[in-house]
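Heads up: the structure comes next, in structure tokens.
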């Protein structure tokens, strides 16, 4: 595909974006808003943001959800701005500095919450800063400005949603149905690989791909949930399917690991059975029916526990899959599956990374303030706003540097594009609302196509161009003001990029170590006789951490294997029949405290000391299990866990 080519699948969204911009423009001028530009800018960003993230037309519900987050973020930012102004109106410099800290605080929170919701916090940070900077000449107009800004943004969001509904957005339901079928086949093929016990790298690639696909399916579930309330039943089933899919991966990989030491556990009956190739979900269905008969014939005791658990999870997966595809009423059997264990939420491992983001945003905003006060430049405030926007939005993404470069390219492209609109197009269309709408629709159409291609600078160019062309009521054409605004955007982006380069983020290794120690803590916490604790479902949280580890350290197989081994140990110990008595219960609490100390230790020396203490406690615990005559289902997993911790002691403790 050529650089300027237009693919058929890109046209519908481009028309949708153009319609959203035109609607916002028309409504803004019709209701005599003072700055319709904010409504147009909001409509463009809300519609184009999900398309840029998806690399194509976003699925149904994505634009609505982003609009909802933008409303929340705007209201939080407006309230924070009003509070800061009321409290510090007599100290303008202090007021701006507090706003810089507020922007950093919001970036810190956005780095810790779910990526889907982080947009609202990033927006809240720079909205307060925009209000404080804008009202500097007339602080008494703060409430009026806040209300007007909220109104304009709500109008822009409503226009984006109307355009989305007008052009029948894509439903993700068919994609979900296809992925459910394909994922079941892939799960069966992984079990075949694990029973064959072939090349370890092939198995690693297979389970790694399945972890990514299961995570992607969870993202599809979120999209389906946003799409319509009629998918509520399918959403409940998909949530349970997520846990079942992770269970299937865990049981398959444990089957592979067991054969490293005890290959005789997997009998020839099962090896021959899993030799049969499968291509479709129907093939898997037939094989599972035969497999259940084989287990009924051989007996549960003669069946390896991993295969027995895998078949049970696959059968439940099949049952819920049919329910998702048909979206029928949930029956009693499904309800029993859905009433599963409560999911556990883990503490974020990226606290140091979040603190780096806090300092990046705060320092860049303070640098912008100093630049503005030192130069006295009329567009210093515009540069400061761009600094806050770039840092607030870039920090929550995996590669902030590339986001800043995207904004720089976008603001550079916006200068000649905005110049064309400011000097030629808008003055010649000022007397005709129709011509003005057509001119902006053309801009939205072509940039909408580039946004879907994820062209570097396209998103920044769309927002920056709309921001600098005259869309105020009434329109005034001052070239010096236009040039100041355009240059202010460029300078702000360059300053933000400079701060991102200077304040290095070296938290990657620390995050990896914290994640691995959280896996260890989870495995240790599974050693308990508390019934409520044993019923907690840690699996989704553990695999979410594993997915983060895979993204932070792509290709680092030893780390992935260690994490997966800890997950397997957690699942095996969770189901182990540990003897119930006060002596063991007290020791379980002691080991959990020590594991928590390992995670929270701030220095390598403390971490090594606590880790050594944990290893000593595990040694004592094994002796206690022998005294209390614990069965092999308990002693063997504990022995394997202790061996793994001894083997990887340095990787888990050293920076």
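Along the chain as shown, residues are numbered 1 onward.
Yeah, the Cβs are placed from backbone N, Cα and C, and that goes for glycine too.
The shown structure was predicted, so the numbers you read here are calculated from the model rather than taken from an experiment.
Marked as transmembrane segment by Swiss-Prot: 13-33, 38-58, 69-89, 93-113, 121-141, 152-172, 370-390, 407-427, 431-451, 459-479, 482-502.
Highlighted: of the candidate stretches 38-58, 370-390, 431-451, 459-479, 38-58 has the greatest count of Cβ pairs under 8 Å to the transmembrane segment (152-172). Counting residues 6+ beyond its ends, the transmembrane segment (13-33) has Cβ neighbours under 8 Å at 39-40, 42-44, 46-48, 51, 56-58, 148, 151-152, 155-156, 159-160, 162-164, 166-167, 433, 436-437, 440-449, 451-452, 466, 471, 473 in the same chain.
The recorded stretches the transmembrane segment (431-451) and the transmembrane segment (38-58) share 3+ CB pairs below 8 A when only pairs 6 or more apart in sequence are counted, and are therefore in contact.
The transmembrane segment (407-427) makes no contact with the transmembrane segment (121-141): fewer than 3 of their CB pairs lie within 8 A, with pairs spaced 6 or more apart in sequence. Residues 360, 363-364, 367-368, 371, 377-387, 389-391, 394, 400-401, 404-405, 407-408, 411-412, 414-415, 418-419, 422, 460, 464, 467-470 of the same chain lie 6 or more positions beyond the ends of the transmembrane segment (482-502) yet place their CB under 8 Å from a CB of it. Away from its own ends, the transmembrane segment (38-58) comes close to residues 9-10, 12-13, 16-17, 20-21, 23-25, 27-28, 66-67, 70, 119, 149, 152-153, 155-157, 159-160, 163-164, 169-170, 440, 444, 447-448, 451-454, 458-459, 462-463, 466-467, 471 of its chain (Cβ-Cβ under 8 Å, at least six residues beyond either end).
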